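What TrEMBL records for A:27-43, A:49-69, A:76-95, A:101-123, A:130-149, A:182-199, A:230-250, A:270-297, A:318-341 is transmembrane segment.
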Amino acid sequence: MIYREAGQFKTTYASDQQLFPILQDRVFVIGFLVFAFGVMPFIGTEYLFRAILVPFLILSLAAIGLNILVGYCGQVSLGTGAFMAVGAYAAYNLAIRVPDLNLIVVFLLSGVFSSLVGVLFGFPSLRIKGFYLAVATLAAQFFIDWLFARVKWFTNDSSSGSVSAPPLEIFGRVFDSPEEKYLLVLAFVCVFALIARNLTRGAIGRSWMATRDMDVAAEVIGIRPMAAKLSAFAVSSFFVGVAGALWAFVYLGSWEPLAFDVNRSFQLLFMIIIGGLGSILGSFLGAAFIVILPLVLNQLPRALGVSLSTEMVSHIEIMVFGALIVIFLIAEPRGLARLWAVGKEKLRLWPFPH
Amino acid sequence: MGSKLAPWLEVIIGGLMSGVLYSLVALGLVLIFKASGVFNFAQGAMVLFAALSLVRLMEKMPFILALAVTIAIMVALAWLIERLVLRPLVNQEGIVLFMATLGVAYFIDGLGQTIWGSDIYTLHVGMPKEPKILFESTFEGGILVSMEDVIAAILAAVMVAALALFFQKTSTGRALRAVADDHQAAQSIGIPLNRIWVIVWSVAGLVALVAGIIWGSKLGVQFSLQLVALKALPVVILGGFTSIPGAIIGGLIIGLGEKVSEVYLGPTLGGGIENWFAYVLALIFLLFRPEGLFGERHIDRV
């Protein structure tokens with residue numbers, strides 16, 4: 001009864017093509033945003049912001065970026081961690097070498113750098129695809145890991161290889177409390193999610209999806225594969241780069257190249273598989289799942305009265321991850337986002353089954 | 001000559017030897033890909049799992065028994081993978097299967113370390129540790145060759161020969177090749193797909209075991225064994241996914257290139273380039289020949 005769209009008539013193209021055509025969705029999303037911006041900063045605890053919400057939001061942003069590439073354009077990438085690293089180090093170098101630059105500009109520019117590197121490593125995708133490409137993106141991962149660890153210029157000649165971000169000062173205001181950091185990240189993620197949503201439902205998103213579904217056929221109907229694939233790489237690594245800069249500046253504060261190793265790439269890939277390939281909402285759901293699951297797995301044995309060593313818990317954690325990946329691929333290849341969509345379908349008919 | 005040539009030859013031989021070890025892991029990948037079209041990311045985890053099982057079982061029983069039990073475990077693992085992962089995913093796209101093997105890799109990895117522990121174990125299977133100096137009369141100082149590597153190379157050669165015979169001469173091998181060519185056609189003439197998959201994954205498990213024994217006794221059985229297996233990916237890319245000789249030659253090229261570049265380019269670039277050299281080499285190669293050295297040419301149809 002609640003989720004019924006009968007009587008909602010669309011009389012203009014604009015109203016038919018809006019982001020959330022169903023009234024209930026609009027109300028829900030606006031309510032959610034009001035809650036996230038207006039209520040959450042007052043009721044959240046420091047632990048909640050630091051350990052859950054901030055990493056969740058930043059990883060969601062990176063997952064959206066990866067989802068554009070893998071979920072929408074069908075180019076599997078195992079090099080996401082590297083592109084996050086490019087964003088992080090670009091932001092670091094811009095911030096210390098051009099101190100007067102506004103941090104928001106720094107973040108956006110680091111996305112541009114990451115985007116350039118992404119296009120460079122995206123070139124092989126014009127000739128190879130599938131797992132060949134997946135392995136080729138590993139080349140980006142290992143090369144960039146090495147680059148930031150070995151070339152001293154990037155770390156401003158730091159002796160240990162680890163670097164610290166300058167304070168988060170934007171428009172003369174320093175963002176240092178957990179709530180402020182949360183709001184900053186939230187604002188970024190909301191804007192970028194909106195951009196991603198609109199890109200993916202426009203002409204460019206259509207050309208990505210056509211390329212994903214069958215690239216030869218897409219070429220035949222007049223989609224230029226080169227433009228589609230490279231633009232997917234560019235947009236995706238832009239998002240991932242900004243996420244990397246935020247991860248380094250807001251979440252980590254100080255970091256070393258290991259923060260962006262190949263495990264980060266796998267983690268992000270798992271997020272979009274579990275969340276739902278080719279879905280913006282899925283990126284959020286997957287990120288939430290992967291951020292919260294380790295916390296649950298850590299608490300669960302204690303709650304049940306079983307004591308496990310931390311080592312054991314981490315082994316069990318990767319086992320559960322592995323099993324979940326396989327289970328999701330078999331049972332629901334389109335992930336949590338699909339479950340949500342099915343739930344909405346059911347609600348539409350509720351309480352009658354037909 | 002002599003004094004200049006000997007270290008150079010040493011680098012080359014060392015490179016070729018480690019190349020043989022890479023191709024051993026790559027072989028497992030190619031086998032599975034040939035017979036089921038699955039790009040098995042879990043091969044590295046299987047190497048670690050096999051080596052861990054063997055080394056922990058050897059604490060409790062004699063070597064031969066431990067070996068037998070480990071083989072049984074690997075076959076059981078193959079059966080489980082076929083049952084729980086491959087069968088439900090049959091007819092899915094290659095990339096979905098690839099991601100499934102990523103999950104399998106994580107699972108096996110966690111399972112192995114949960115059951116067998118995650119310390120570093122030393123594996124002694126009677127491989128000679130002493131390096132040998134050869135051609136002392138020809139070159140000044142001779143050439144230092146690790147006997148362990150030589151034995152590994154011989155083992156790998158025997159293994160490849162055995163696999164080639166198995167593929168060419170036995171009826172099971174013929175069935176395997178038929179499945180590799182066309183799943184549906186093979187099935188329609190009565191070749192049981194499920195059984196073939198179990199066989200292939202078992203064989204890949206055995207290859208993983210041999211690789212695990214050799215690598216394990218060289219480096220110790222520990223988590224980093226899995227990373228060694230990451231080296232096998234550029235090898236198969238270079239050699240072509242479907243070619244057993246490709247895996248061998250790709251391994252030799254990568255091993256050689258890696259050592260030579262580390263010794264002669266490494267100092268100028270800052271060292272540690274072994275980590276990415278193979279990948280970048282494979283990447284550049286792919287730009288010119290996307291199907292690898294010996295891979296089959298791909299024709300796309302709508």
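Even glycines carry a Cβ here, placed using N, Cα and C.
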Stretch-level contact, the transmembrane segment (A:130-149) and the transmembrane segment (A:318-341), CB cutoff 8 A, at least 3 pairs: no
Best-contacting stretch, by C-beta pairs under 8 Å, relative to the transmembrane segment (A:76-95) and drawn from A:49-69, A:101-123, A:182-199: A:101-123
Long-range neighbours of the transmembrane segment (A:230-250), counting only residues six or more past its ends (CB under 8 A): 54-55, 58-59, 61-62, 64-66, 68-69, 72-73, 75, 77, 80, 83-92, 95, 103, 106-108, 110-115, 117-119, 121-123, 125-126, 165, 168, 175, 181, 184-185, 188, 192, 196, 199, 204, 208, 211, 259-260
Long-range environment of the transmembrane segment (A:270-297) - Cβ separation under 8 angstroms, sequence gap at least 6: 51-52, 55-56, 59-60, 63-64, 66-67, 70-72, 193, 196-197, 200, 209, 212, 313, 316-317, 320-321, 324-325, 328-329, 333-338, 340
Ranked first among A:27-43, A:182-199, A:318-341 for CB pairs under 8 angstroms with the transmembrane segment (A:49-69): A:182-199
Long-range neighbours of the transmembrane segment (A:318-341), counting only residues six or more past its ends (CB under 8 A): 270, 272-279, 281-282, 285-286, 289-290, 293, 297
